[in-house]
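Annotated in TrEMBL:
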{"type": "TRANSMEM", "residues": "A:12-32", "note": "transmembrane segment"}
{"type": "TRANSMEM", "residues": "A:38-56", "note": "transmembrane segment"}
{"type": "TRANSMEM", "residues": "A:87-106", "note": "transmembrane segment"}
{"type": "TRANSMEM", "residues": "A:113-133", "note": "transmembrane segment"}
{"type": "TRANSMEM", "residues": "A:153-175", "note": "transmembrane segment"}
{"type": "TRANSMEM", "residues": "A:204-223", "note": "transmembrane segment"}
{"type": "TRANSMEM", "residues": "A:243-273", "note": "transmembrane segment"}
{"type": "TRANSMEM", "residues": "A:285-301", "note": "transmembrane segment"}
Amino acid sequence: MSWFRRYRLGPLLGLVLLVFILGVTSGQFFTVSNLLDVALQTSVNALLAIGMTFVILTSGIDLSVGSTLAFSSALAAQWMVAGISPWMAGIAALCIGGLAGALNGVMVAYARLAPFIVTLGTMTLFRGLTEIYTNGQPIFNLPNSFNGLGNGAILGIPVPVWITVVVFLIAWAVLSRTVAGRRIYAIGGNEKVAYLAGVRAKRYLVVVYMVSGILAALAGLVLTSRLATAEPTAGNGYELDAITAVVLGGTSLMGGEGTLVGTIIGALILGVIDNGLNLLNVSSFYQDAVKGLVILIAIMLDRKKSEGR
Amino acid sequence: MSCLEMRGIEKSFSGVSVLRSVNFTVEGGEVHALLGENGAGKSTLMKTLTGIYQADAGEILLDGVPQTFRTILDSKKAGIAIIHQELNLFPNLSIQENLLIGYEEDFRGMLGWVRYKQLREHALALLQLVGLTRSPETPVSELGIGERQLVEIAKALQSDLRFLIMDEPTAALTAQETQKLFQIIADLKTRGVGIIYISHRLEELFAMADRVTVLRDGMTVGTYCLREVAEELLVERMVGRSVENRYPRSISDPGEMLLELDGIQTRRLPTPISLTVRAGEIVGIGGMMGAGRTEVARAITGIDRITGGVMRLRGEQIHFRAPGEAIENGVALVTEDRKDDGLLLSFGVRFNLALPTLDERQRAGFVRTRRECEFVEEWVKRLAIRVHHMDQPVVNLSGGNQQKAVFAKWLARDPQLLVLDEPTRGVDVGAKQEIYQLMNEMKARRKGILMISSDLPELLGMCDRVYVMRDKAVVGELTGDEMDQEVFMTLVAGRQGVQE
């Protein structure tokens, strides 16, 4: 069973099991349109979770992604309404996300504040700024050319899914194949050891939070385009879904251990559960309870495994 | 007189046999040393004795009566206590509260309150026994390592103590603290307590132990009376081959100036420090713990910012702002605490060895994995690091192999100046020899080494010159004939001439 443990197949096994159960109990699950729907529904959370993986690998946490998502989308939406091209507005939104992340990163790395507290603060701050900026009102009447980002399809596959796949491949290559990825893992393993080995740990920490912020902004653009609206309450609670996906994927909250493949599997597990419970007509009251149970069971199984060493 | 006997003890972990027939007898009132290289099975044997592990075969007899210790509590009840290398005290609690843990029932008052007055008296009596003059209300976090050790001993004395196991108790103690500890051990001896004493420091054993049992590869090599045995024989028995020269210092032939500190100061070093290291030279820094030795290493390698004075590397004035800059300029530091500062414990050997030199094996930012594997294999071979596979977590390596891994990591950068902070602490004789060889190789290749060590014979034996530090200042420099223990100790103790 060592290969099972080495490649951390627990999450994958859970996903396969879940898909199997739903395939048997629901006739609609295994249709192409439903599977694409799962992928589409998962994409926003997956984007956030990819950024969150970077942060958690350094033994940090980013609670501000939901608010960053709302803030950057609100700005982008307002600019588009004001006549700025969607491309320009989109790029500006990504920059806003990056700046938000940089603010988190600087406070964590240079001011040596606890990531949980810093991002708890910025979470509330960015949400407040969004509400001030939008006056609490949703922003409508976005240009039609912005529609394609969330609702279009290429080769029959929704654009958000393409975006997620591309982001995933790049992020995966960075974390598992590059020198920078090695250093991120090293910082998470023991920041002091990494620093003494010449790793510019503070800079890397800032970059990691920027990645999370930029991906939050990207997820925000996708969400805004899909809904054709920028809501001031958009992304509320999304940070927890992203963290859940990362943890379900087997990444340690202590840092230094985990993979992006696991994170994607974790995000898919959450997506499949949501989708399946809808297909099975489970009342939305029960959905959260079931989701919570699945998460607890998954984490307990993972815990059993890691105790084995 | 009580007697503790372990007979034919065997123990294996997932098929790997760690103890293969060990026989070991301790009498009450003797100090019995346990000697062996890292991985020889000392810790496993002691864990078997105290009930943390169960032996696969063999028996434990106390006064001739067979015992089964299923947990550490069982052995405690039988009067056997162990003081681990990493002390097991709660630093956030006071001395008396630490003594209370495990004996809560004895001090339970009405409504479950602690009877503090009684606890205080009890604690005072115990502290007096171990010679610690501190208020029982002092938080343990305010105590030095030596004092904490005394608290541990006091804790062990609470029950009817018959045998006390001490694992490397002097590793972190100053000379005075060590003397005090030996005094207490002598007291315990006269009270009939048998002491099992684990240490790598042979000098200590000859100073205070009665008998010694040598373990090698999980087997008892023999038990000797320390008054009748020569040091060389013990080393030979322990390593399994004869070691001609414990400190193989090579001929001194210093070259051009490599490092020059001219009155440098940092936040942690208020007094200006001056010293030099030449190419092809091993220079030592000696002194007590807290004398400022590590702080000098921190200043040189860019961990602490230099606030005054001048540092020159190969004649050029230079100040590093981060360890990364020092590394780029050919200055590497092997830190004191390999577990906390030197290695990513849960990560593999390959990951750890490659970390400082990642940039040398990359293409467009991507790690060249095959080259990396070749690189790691080469260094593992060159330093004879014993690993099962390249991605084995370093936490599973023995102390000596871990230390060699740290060395490999830095030697791979081919530094001009290597700063070593306690390079052989907790490392067995065999691995020590290998580390000394590595140092000599670097010396022969005209590199400079600055070595901090608390191991006096090592410092005087390996270095070409030694600086002595006291109270964050350099108080002397020893060369040639002055490199003598007595001269050294006088300098360390200060001009008032405190003996020892």
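Yeah, the Cβs are placed from backbone N, Cα and C, and that goes for glycine too.
Just so you know, TrEMBL annotations are computer predictions that nobody has curated.
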Counting only pairs 6 or more apart in sequence, are there at least 3 Cβ pairs under 8 Å between the transmembrane segment (A:243-273) and the transmembrane segment (A:285-301)?
yes
Which sequence positions outside the transmembrane segment (A:38-56), separated from its termini by at least 6 residues, show Cβ-Cβ distances below 8 Å to it?
62, 65-66, 69, 115, 157-158, 160-161, 163-164, 167-168, 171, 175, 184, 188, 208-209, 211-216, 218-219, 222-223, 238-239, 241-243, 245-246, 249, 251-253, 255, 258, 260, 263-264, 266-268, 270-272, 274-275
Can you say which of A:87-106, A:153-175, A:285-301 has the most Cβ pairs under 8 Å with the transmembrane segment (A:12-32)?
A:285-301
How about the transmembrane segment (A:204-223) and the transmembrane segment (A:153-175): do they have 3 or more C-beta pairs under 8 A, pairs 6 or more apart in sequence?
yes
Close approaches to the transmembrane segment (A:153-175) from elsewhere in its chain (Cβ under 8 angstroms; 6 or more beyond its ends):
36, 39-40, 42-44, 46-47, 50, 53-54, 57, 181, 184-185, 211, 215, 218, 222, 226, 259-261, 264
What else in the chain is close to the transmembrane segment (A:87-106), if you only count residues 6 or more beyond its ends and a Cβ gap under 8 Å?
62, 64, 68, 71-73, 75-77, 79-80, 115, 118-119, 122, 126, 149, 205-218, 220-221
